[in-house]
Every structure is written in C-alpha cells, then in structure tokens.
Amino acid sequence: MAGARDLGLVAPVARGLSAKRRPAFEPEPEPEKPFLLRDPASSLSDSEESVFSGLEDSGSDSSEDNDDGGEDDISCDKGHSRTEGQAQTGSPGLGTEMVRSSSRDEYQEDSSDEEDIRNTVGNVPLEWYDDFPHVGYDLDGRRIYKPLRTRDELDQFLDKMDDPDFWRTVQDRMTGRDLRLTDEQVALVQRLQRGQFGDMGFNPYEPAVDFFSGDVMIHPVTNRPADKRSFIPSLVEKEKVSRMVHAIKMGWIQPRRPRDSTPSFYDLWAQEDPNAVLGRHRMHVPAPKLALPGHAESYNPPPEYLLSEEERLAWGQQEPGERKLNFLPQKFPSLRAVPAYSRFIQERFERCLDLYLCPRQRKMRVNVDPEDLIPKLPRPRDLQPFPTCQALVYRGHSDLVRCLSVSPGGQWLASGSDDGSLRLWEVATARCMKTVPVGGVVRSVAWNPNPAICLVAAALDDTVLLLNPALGDRLLVSSTDQLLGAFTPPEEPALQPAQWLEATEEERQRSLRLRICHGKPVTQVTWHRHGDYLAVVLATPGHTQVLIHQLSRRRSQSPFRRSHGQVQCVAFHPTRPFLLVASQRSVRVYHLLRQELTKKLMPNCKWVSSMAVHPAGDNIICGSYDSKLVWFDLDLSTKPYKVLRHHKKALRAVAFHPRYPLFASSSDDGTIIVCHGMVYNDLLQNPLLVPVKVLKGHTLTRDLGVLDVAFHPTQPWIFSSGADGTIRLFT
C-alpha cells in the first residue's frame, strides 16, 4: 500500500514539474486531486526548492509562458500557502523522501529537450560570437560555452561510418551542441520537403460547405424598396464626365488605338537582309559558295578543254595544290555512259571540313573615298612663281661640279669642280668669265653676302682661298682690295689654330688675295651675313672640327671645347647670334654671345648631309643620306614638324630662297624637287609645305646625281650642279 502510494505521488510531481504552467482561470482536471498529497514538499529548504524551479524554467518549451507568468505565480503561491497548513499534519520525513526519489528519477529519465540550456541572446547575429569561446548566455546570465571540436574530417568520416544515427544528427546553432532528430521530427522534415502540410491530420481536400444553395427561394434575401437617388441623375457622375470631356478636348486622354489584327507570330527571317551588318548575328559571315561548274566539267566538253598526252603527263607530275583542275576532263557519247564520280564523298567531306574549320572573320571596311585621305592642298598654279623649266646650261668643267654660289646681286656665279679649277660665270649668258686653276678638288664655294665686298671663299684640301674675282664694278673691286690691305699685323702674333698667308704677286694676278691654312682637310666654308666672319668645317676628329675666322682682324678661333660627333655642316643664323652645327644624328643651336647650347634638334635620320636656315630664322630644313627631308619649326618643338620622303636616293643639298617662299632639295636620283614653304607671321598657324615641281635634266654619273643647288637672290630661279660636269639654270 505504501509502495503504491509512493508511486502515485511521484508521478504527479514529475508531471507537474515538467509540464507548462497553466493560467489561473483554467479549471483543474479531476485526476489531479492527489496533487494535494505532495504539498508537504513546499516545506523543503531553499536549495531543494531551487532545483524544482530550475527544472520548471528549463522544461518550458516556448517563451509564450513569460507573458502569463505573473498571474500564475500568484495563484500557485496562494495554493501552496493554503495547503501548507493542511500538509503539516503529514509526516515530514515521508515528504522529503518522496521528493528526493522523484528528483533522482527525473534526472535519470530526462530527455535532451528538457536538458536544453535556453540561450537568451535574443535576435542578434550569431556571427558576432565567432571569435569568442561562448555562444550566448542562459537564464541565470552564465555563459554558454561552445563544445570543444577538435575532431578533423577523418574523425567525422569514421563517425559517419560507425554511428547509424549520423544522418539524423544536426548541430544547434544557438548552443553549438549536436541534436539527434526524433522519428516525428524526421517525418516532419520529409513532409515539408515534399511540399506537404506539417500536420499529418490536416486534410486539404475537405468537402466545401455551401452557404447558399443553388435553388431559387420564394422569399428574397431583402425586400427593401429602391432609394430615390437611383431615379435621379448623379451630380458626382456628371462632374466626372465633364472632367473626362475636358481632358479629351485638351488631348490628355487619347482614344484607344484599334487592335492590330495581324497574328502575333511571324517569320523571323522574312525581312532579313543577308548583307546587312546589323543582322541576326553581328559578325555572321556567310559561307563561300561553291563555284559553278564550267565547260571542263561537262560530259561532252569542247575539244579545246580536253588535255593532250603531254598535258596529261604534266598534270600527273604536278602537286595536287598546284593543279588548275583537280580532275581530268573526259568525253562521253551520252549522259548514260558517264560513270559514278569516285571522289564525290571525298569532295563532300573536304567541303564540310572547309565550312567547319575555316576561320571566317568580318573585316569592317570603311568606305572612304581615297581622294578624301589626301590633304587639301592648293593647286601649284596658285603658288607661282617657281622654276618650272630649264633655261641655260653652263658647260666648261671636265669633271663633276661639287659646289656653286651666287653673288649677292645675282649677276655672277662661282662653281668649284673636281677638275682642279674654280670658274666664274655670267648668269644671264652662261658665259665663263674667268677660270682660276687651284690645283685640287674644290669642295665648297661661298660668295661673300655683303654687297659692299667682292670676295669668294673656296675650300681646297686643307686651305681656304679668298679670291677677288674682279668682276663688275671697279670701285667695288678696289674697295675690297683696300679693305684687305688695311690690315696691320700685331707685333706679337698670337697662337691660332689656323695660319693666315698673304698671296704672292703671281697669285694676285690669278685673283687670289689670302690663304688660310688649317693642316686638316676642309669640307665646308660659309659666311656670316655681315661678311666679316666665316666658319669652316674640318674633316678631323676632336673639338677643332669647327673654326671661325674674322676677316678684318685675321684671327681664328675654335669655339668648342669638346666634340659631339662628326660635324657635317654649319650655318650662321640670318638674324640672331646663333651658330647651327649639324652632326650625323642631331643639330645643335649655340648662342655665340652667351656661349651656351640653346637647342638640340633630333632629325630622326641616319646621317644628316646638308642644312639650310629659313631667311626669317624660325625654321630649318635638313637633308639626309636616307632620302629624307626634315622640316624643323624652332618655336614648335625639337622634333621634326614634317618629314618629306619625295626622293628615292640620298639628298645632297637643300636651299631656301632669300625672298620667295620656296625651298629645294637635290638628290642622287638626278632630280630637284622645288616645294612651296609658306611661313606665316601668325604663330598659331603652321607652315604650309606643298611640293610644286620636279626638275630633271642632269644625267647620273658614277651613281651620283645633283650635288648642289642654290637659288637666285632676287628671281625665282634655281641653279644646280651635277656629277655630269654641267651647271643648269631652271627658271
């Protein structure tokens, strides 16, 4: 009896502790009456009572009980206090023993759900706890630590093989512990995965209840009489209609367009242009079509298409790719006698390979008129005057004429040749006025640009000869001799890189006045615009390649301390104190007063051969042995403004006209190209370069053509000296 009573007491206690709290107004069911027998447990100590309260908190499944917790606690406390006096009559030892046995049985038979530690972090991302050893806090504020996971993938694989319940084990993200799903939970998951309802007892196909039957009843639902407003026109609707009419008049409301009666389906490629670039495929390239058969493919070809025996042998010896026809034309009496084509399958296969493997790409061709690509240049007839035809030929030299120079007035012409002579010509008549034998190759001739001085400088071997040709005005000739004779040598001659020598009486009769000896071969001589200084270029390595001589004081100086390559030619600036020195790969501009380098021009040529400066001084042209003519704009850049490649061979000389916007170049191809080169005063407008005329007349000798050119100082004429030993005037 006592044992039965104990069992009857323990079960309600466990059930009451693990069950949810009920609201105060809910009536107690009838079998719960033995609950009064276990009220003596309320007289336990605080520590034992806390055990039950902890079980109650952990055993609750939802947070909805917190809302009703206030009233329930009050009602429970009242019940406990009410029954406490009645339970005092029972044995205290019996009550204590019953509670201990119930608590022990509770922990023995408790499930994982009741042991769950409630995580109270709330609705926060659990990623915030990734760097912490705990995952949240329980109801008492203690940390819930993550379980130690030191197992690697191999251990997980072994667990998967050994544990039959591995497939139903999931990890609780709130506590970090592994939970084993029950059969009911697995069945619930499977139903949800199949798209079914979670509740097994729910029937989605229950019969519908008709609230209204389909039978017409005698009595209506309502028999209320109609309102008066149903017979009177509505003012609200009238206002709406007037608004719509106004909107239609104003065009705010458009009438509905008639519906298109054409079917919605159509042919995609009916209107497609196969040649359109923006077609169905933007880069679609149609396959090349097979060539149509010709007369040779006929079963009865004309006789001229049939091959002879020699042609058959030659066809058999050719490579398959070199043959014009990949078959032999044959003649048959009728179409019935034509046998089956043996290479049909092979040709079909090759055709398929061509279509499949041939890479085809569309090249977008720009339909541009070639005339539009040529810059719009003025017509040459609008750029006249310029030399167009050969007027005179100056004959007399027996070898190639290397150099020439025109007097400042344009009446006389000096030329130097390899025949060892210097000739002076009259320009208008082509008459040789004087021949000065010098006994060597004359490499450069320069007439003094000062009209008040009648003097010619000629470079001969290692000497520069200064001659008074004694042509023209006698007063001018005598004043030149007086200028040269007015020099008084200093008492102590200074050490100079060149030696000045007076001409002997015999040499003076041959027009020679002074001789400047250098010790090295002289390749070029050029005058300053005032006529007192002249610069020479020596064919020697080192810093003494360029020397400057002063005629009035008979002094010579070397302006450079070191060399920057082999010097090809030099030129004085026409208006400013600049000296331009052209080496093989560059042109350097030096300021003579400041004694510094001002600019370094890069022609981008392999070997500079000649140079000329525009009369205004802001532009330079350079000729090169790689057949380029380079135009520099000194105000624009150190790189070429234009590179002209009109000649086919090396350029020998370039020249500017002193007055007209013309420049010319001579080449070994035997031609002289005259170009119009207009330089504008407006700095924002680039120079206009237009080739206007190609002059021919010299014959090639020893692969050499025109060696030097020079413009007439006042007329649009040009002089040229060639390897054929002639000088030609083009006007």
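Cβ coordinates are placed from backbone N, Cα and C, and glycine is handled just like the others.
Computed from a predicted structure; not experimentally measured.
Residues annotated as compositional bias 'Low complexity' in TrEMBL: 42-57.
Per TrEMBL, the feature compositional bias 'Acidic residues' maps to 58-74 (among others).
Sequence annotations record features per position, and here TrEMBL assigns compositional bias 'Acidic residues' to 107-116 (among others).
What TrEMBL lists as domain 'BOP1 N-terminal' is 129-387.
According to TrEMBL, the region 'Disordered' annotation covers 1-119.
The repeat 'WD' feature in TrEMBL is assigned to 394-435 (among others). Secondary structure of the repeat 'WD' (394-435), assigned with DSSP and counted as helix (H, G, I), strand (E, B) and coil, comes to 0 helix, 25 strand, 17 coil.
Using DSSP to sort the residues of the repeat 'WD' (644-674) gives these counts of helix, strand and coil: 0 helix, 17 strand, 14 coil. Feature annotation from TrEMBL assigns repeat 'WD' to 644-674 (among others).
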Within-chain partners of the repeat 'WD' (394-435) [C-beta distance under 8 Å, separation at least 6 from its ends]:
441-451, 456, 458, 465, 467, 469-472, 511, 701-702, 704, 707-708, 710-715, 719, 721-729
When you scan the chain for residues with a C-beta under 8 Å from the repeat 'WD' (644-674), skipping those not six or more beyond its ends, what do you find?
385-387, 609-615, 621-631, 689, 691-696, 698-700, 703-711, 713-714, 716, 718, 720, 722, 730
On average, what pLDDT score does this prediction assign to the repeat 'WD' (644-674)?
89
